[in-house]
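Enquirer: Here's a structure for you.
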Amino acid sequence: MARSLELANMTRVQKFLLLGLSTRLDIRDALFAVFLTLYLLTLVENTLIIYLIFSHKELHKPMYFFLGNLSCLEMCYVSVTMPTLLVGLWTGPYHIPFTLCMTQLFFFIVLICTECTLLASMAYDRYVAICRPLHYPLLMRPQVCLGLALSSWLGGLIVSVAKTTCIASLSYCGPNVLNQFFCDVSPLLNLSCTHVALTELVDFISAIVIFCGTLLVSLASYSAIGMAVLRMPSAAARRKAFSTCASHLVVVGIFYSAALFIYCRPSRIKSMDLNKVLSVIYTVVTPLCNPIIYCLRNKEVHTVLKKTLHWP
């Protein structure tokens, strides 16, 4: 009887209170203007990249195929997290329904896992281009590129279904305050009033497989590329090889530095203010900077961009 009363008193949380990026009234308006501008800039940049790649035959190459996928992904990625960030800055802390929170979490996990795998595929593409150039047309033929891209999206979907199902099945009986600007894994685990060991184990294993696995692929690819570049007899050839990889290496470094800090440990994270800063890096800064990084260091993209904009 007492057990039944106890269970009856554990009312399931129907809404979460998102505190947002900042609760300070004096800076919220300024931050809203800044992040709205960054959001629109990100959409414009990535749309331009996709348009250039699909409208110019000279960019119909494996490297740009993956870059187009990455731009498409990041437009979706920033559109999953940015709306709640902007609403929080406009209205202050606000309630988000449980189902909408889990939906946001699902798409966020899909996209972040897919991005990891795409970055690894791009590293493999550069490895084949520099270390096995004679086999490049065979190893990176269109069917292989399409298979790698589809595998990236499918892998992200499978991981997200597993993680979101585990997190959604937990009991949330109060408090319901999320110290974050979107529904993220760690803040939700902190609010659960039931045993979360299994969910943390799933989270940890998926982090090892997706984050660490794809990072190892990228590191192995660039280690092989580095050794191949050092063996090149010509300084000009070394500079050319390095320039084709440097932009991707910068993107990988920025993304993994922030993401791995948060997601590659199973314990509940307490320093949520630091997490919010790091979350801004890989949910806002990275999608904004990626097109700039790739375009600034890529002569072929420069050429088609000038042609499109009719620059001299």
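Cβ coordinates are placed from backbone N, Cα and C, and glycine is handled just like the others.
In TrEMBL, annotation is done automatically, which means it is predicted and not curated.
Found this in TrEMBL, in case it helps:
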TRANSMEM  30-54  transmembrane segment
DOMAIN    45-294  domain 'G-protein coupled receptors family 1 profile'
TRANSMEM  66-90  transmembrane segment
TRANSMEM  96-124  transmembrane segment
TRANSMEM  144-162  transmembrane segment
TRANSMEM  204-230  transmembrane segment
TRANSMEM  242-263  transmembrane segment
Enquirer: Quick one: do the transmembrane segment (204-230) and the transmembrane segment (96-124) reach 3+ CB pairs under 8 Å, ignoring pairs fewer than 6 apart in sequence?
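Expert: They do touch: at least three Cβ pairs between the two stretches lie under 8 Å.
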Enquirer: Kindly state the mean pLDDT of the domain 'G-protein coupled receptors family 1 profile' (45-294) in the predicted structure.
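Expert: Reported value for the domain 'G-protein coupled receptors family 1 profile' (45-294) is a mean pLDDT of 85.
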